Amino acid sequence: MAALVEVEQTKAETALEKELNPWEAQAARFDFAAKKLDLDTGIWKVLSQPAREIIVHFPVMMDDGRIEVFTGFRVQHSVARGPAKGGIRYAPDVNLDEIRALASWMTWKCAVVNIPFGGAKGGVICDPKKMSQGELERMTRRYTAEMIEVFGPEKDVPAPDVNTNEQTMAWIMDTYSMHMRQTVTSVVTGKPINIGGSRGRSAATGRGVSIACDQALNYLGMKPADCRVIIQGFGNVGSNAALLLRQKGYSVIGIAEWDGGLFNADGIDIPALAEHRKKSGSIRGFAGATEAISDELLTTACEILIPAAHENVITSRNAGAVKAKILVEGANGPTTPAADVILEKSGVFVVPDILANAGGVTASYFEWVQDRMGYFWTEEEVNDRLDRLMVQSFIDVIRYAEDHGVNNRIAAYMLAIDRVAYTTKQRGIYA
Ligand SMILES: NC(=O)C1=CN([C@@H]2O[C@H](COP(=O)(O)OP(=O)(O)OC[C@H]3O[C@@H](n4cnc5c(N)ncnc54)[C@H](O)[C@@H]3O)[C@@H](O)[C@H]2O)C=CC1
Ligand SMILES: O=C(O)CCC(=O)C(=O)O
């Protein structure tokens, strides 16, 4: 048994040197952190695989009368600490390895912020940009019906992720409730407020990212007024982080989107940009900044870089050119293990995804709690609790990094694995 771990851990160290897909990247970091923790071999085996993987192929009637068959996934990595929790994404390139990685990151993320959930993620292979609202609704409802035994307030609680939103969650909640013959609001989080959503949830991931920036600055002895910020992705996470950071006195000088970037050395008027995007559907053509090449913004001089779009954008190809002092990962898995090695050598302070973007699931936890007690908090109450939890989690990760002499990412994994392993052992494994 010990020999198996040694072989796997040597593999992990080698894997940290080359580019990996998100699931391999997760596994390499998990193995590396597990080795540092001297994790029991049996528990290592339990936590190195997802507990459940569900794949469904289901028909949807398209607007023109055609029948299309879509493939959907739900992966539950762990339910040791509570019901599985995690978002659902819609994109053409969704695949099982990606969903596996995202599910396991949810396990670690919930453990880092110490909320009573396990980890899951779902996805459907589709191109939402090419689908009507009606098609999206029918696809969402059928996907939910296929997952009716999988989802549940005590089993698995979905939330929004890339290309899904409050409306998607409302459809899931309604479909689930139809099958249960009663309204079950706590089956999803990230819902509209009038049907059991929480105040503060829609902006919570961006808010958490902004708190992570404040904490990093505090730790490094820097001030918001001296900070230029560049953000990749102006969706839920990126736009809310940008709005809040600007309010706090940071200067957001660059925004990178899939169809082009914007740059203004004096700072971009973010509320005006959000309004422009709402009206035109794109950040392009915004009068308050000059056009920039999206990929080049990742390596433009700034104090804080926030990838908030998707995985594997900071790789061994561009990590050496990153000029930011601080990398705050709004997206899940934006940095590859090979890039980690380069960033560490150049002294970039990394706030890893499983800490930096944990504000969303934390507010989801608050929403689930409020739904179950049927009593709702003010936005101020939600934000105060979120703030306290994010600050404490940041302190916990930094302390772990200092105590164990590891970087912040490995520290966050170690802290999370330690908590999940403890609970897994405590619950026992006999059926
Ligand atoms: N929504 C949430 O509460 C949470 C989201 N995340 C992660 O944050 C990231 C973004 O998620 P959301 O903001 O929810 O998704 P979203 O769908 O609202 O926004 C994503 C944005 O990224 C842009 N984008 C796509 N490809 C791009 C590219 N190549 N370059 C630049 N921009 C690009 C899209 O146009 C869109 O504006 C994902 O990694 C997601 O898993 C993490 C924690 C919670
Ligand atoms: O709010 C949630 O439950 C999960 C959000 C999510 O998908 C994530 O943190 O990656």
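Each residue's number is its place along the chain shown, starting with 1.
Just so you know, glycine gets a Cβ as well, placed from its N, Cα and C.
Here is what TrEMBL records for this protein:
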- K121: active site, proton donor (ACT_SITE)
- K85, K109, S364: substrate binding site (BINDING)
- T205, N236: NAD(+) binding site (BINDING)
- D161: site 'Important for catalysis' (SITE)
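Closest to K109 (substrate binding site) in space, going by CA atoms and restricting to the recorded positions K121, D161, N236, is K121. Within the set K85, K109, S364 that the record links to substrate, no two Cα atoms are more than 13 Å apart, and one pair reaches that distance. Taking the Cα atom of each, the residue listed as 'active site, proton donor' and D161 (site 'Important for catalysis') are about 9 angstrom apart. Checking the recorded positions K85, D161, T205, N236, S364 against ligand 2, the ones whose Cβ sits under 6 Å from it are K85, D161, S364. The recorded positions recorded for this entry are K85, D161, S364, and the Cα of D161 lies nearest to that of N236 (NAD(+) binding site). For K85 (substrate binding site) paired with D161 (site 'Important for catalysis'), the C-alpha to C-alpha distance reads 12 Å. When the binding-site residues T205, N236, S364 are compared by the number of other C-beta atoms lying within 10 angstroms of their own C-beta, N236 comes out lowest. Taking the mean position of the Cβ atoms of K85, K109, S364 as the substrate site, the remaining same-chain residues with a Cβ inside 8 Å of that point are G86, M106, C110, I115, F117, G119, A159, A358, G360, V361, T362, Y365. Annotation note: D161 (site 'Important for catalysis') sits in a coil segment as assigned by DSSP. Over all protein chains present, the Cβ of K85 (substrate binding site) has 29 other Cβ atoms lying within 10 Å. Checked against ligand 1, the binding-site residues K85, K109, N236, S364 give N236 in sequence order as having a Cβ less than 6 Å away from one of its atoms. According to its DSSP assignment, K121 (active site, proton donor) is in a strand. The least crowded of the recorded positions K109, K121, D161, judged by other CB atoms within 10 A of its own CB, is D161.
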